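What follows is one structure encoded as structure tokens, with my remarks underneath.
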Amino acid sequence: MDQDMGMATGYFQDADMQMDEPAAATQSIYPHSATLFAAISACVFVTIGVLGNLITLLALLKSPTIREHATTAFVISLSISDLLFCSFSLPLTAVRFFQESWTFGTTLCKIFPVIFYGNVAVSLLSMVGITLNRYILIACHSRYSQIYKPKFITLQLLFVWAVSFLLLLPPILGIWGEMGLDEATFSCTILKKEGRSIKKTLFVIGFLLPCLVIIVSYSCIYITVLHQKKKIRNHDNFQIAAAKGSSSSGGGSYMTTTCTRKAREDNRLTVMMVTIFLCFLVCFLPLMLANVVDDERNTSYPWLHIIASVMAWASSVINPIIYAASNRNYRVAYYKIFALLKFWGEPLSPMPSRNYHQSKNSKELSGVIRSTPLFHAVQKNSINQMCQTYSV
């Protein structure tokens, strides 16, 4: 009996030692101050990111002016991706950095990198879609309305989301690498399987190649814009000369003003999209390089990996700020949502000016004239022809 109890005691002691061994092996490679900084940053980004992207989605869906642009569909896709990241990936990330371990089980550990890397691909491919939209608007203006019909936009968005997650099928199925827990960094990521990992290939196909497409496209846009500006200057000089020799230049002046306003609006939208891409690049490039170049030697610079990760998380938070800072239409949409939510009073209805009542009558008469079918037919035909010159 005593011998049996001794054997049982020895068995449980051996089991305890075996259970203690992984704990020693999974000791964090990061300083506690670094993990605390990462956890607090993740919590801050969760709060700002969820609110910011939710308000952005509401603002875009409720703004008829913004919904007129085909670009808006890709911006909505980008916002959904950021919202998914802030509401799913970042809360789990905050907990794992606070606890310095992964405590959510094996299944969720395999899902986590799929959502993380899939979101990165969706964001980048959505930007590619925006870039191609801007390029076609300028380079193939006559075919733009045919290419960006609602059904084609839907197909493009389905393609963006499908490709983003299909790229991850090899590690999901364990064919080329596998999804799992890196115990040294308590991170659920793409691990090597049989000495092979798909990380570098994903970096080239899912990050580097889309970035090159965006850079080349915006370079072509810039060159085209320079040529278009020269055309606009020549056209304006012609309009001025025609106005001096004719008293009937009012219609041309109206169309010139309308097209110039549309061109400036498209310009501002393009600049905003370039800003979003540059910020995304600045935020994500350090993490991508750290994961690819320093993948097996990440104990050398632990703080570098933490800072690179925090910068990558910031990319899902800054887009609403860029929208509000760089585009008036987006600011107006945000104001309306805030007013609807009673954050503050309606700021978009200025007091009538001194000449308001005088101008009101003339505007009503102008409105009656412009509401006639003949005016619309002539205006649409003329403006579509002239605006090709002003599509910048």
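Here the Cβ of each residue, glycine as well, is placed from N, Cα and C on the backbone.
Cross-referencing Ser248, Ser359 with Swiss-Prot, the residue annotated as phosphoserine turns out to be Ser359. According to Swiss-Prot, Pro31 and Arg96 sit on the same side of the membrane. In Swiss-Prot, the feature phosphoserine is assigned, of Ser197, Ser253, Ser366, to Ser366; the remaining candidates carry no such note in the record.
Listed as Cβ neighbours of the transmembrane segment (40-60) (distance under 8 Å, sequence separation of 6 or more from its ends, same chain) are residues 66-67, 72, 75-76, 79-80, 82-83, 85-87, 90-91, 93-94, 97, 310, 313-314, 316-317, 319-321, 323, 330, 333-334, 336-338. In summary, the transmembrane segment (74-94) does not lie against the transmembrane segment (203-223): fewer than three C-beta pairs, each 6 or more positions apart in sequence, are under 8 Å.
When Cβ-Cβ distances under 8 Å to the transmembrane segment (157-177) are tallied for each of 111-131, 269-289, 303-323, the top count falls to 111-131. Counting residues of the topological domain 'Cytoplasmic' (61-73) by DSSP class, helix then strand then coil, yields 8 helix, 0 strand, 5 coil. Residue counts for the topological domain 'Cytoplasmic' (132-156) under DSSP, split into helix (H, G, I), strand (E, B) and coil, are 22 helix, 0 strand, 3 coil. For the topological domain 'Cytoplasmic' (61-73), the residues of the chain that approach it from at least six positions outside its boundaries are 130, 133-134, 148, 153-154, 157, 269, 273, 329-330, 332-333, 336-337, 340, judged by C-beta separation under 8 angstroms.
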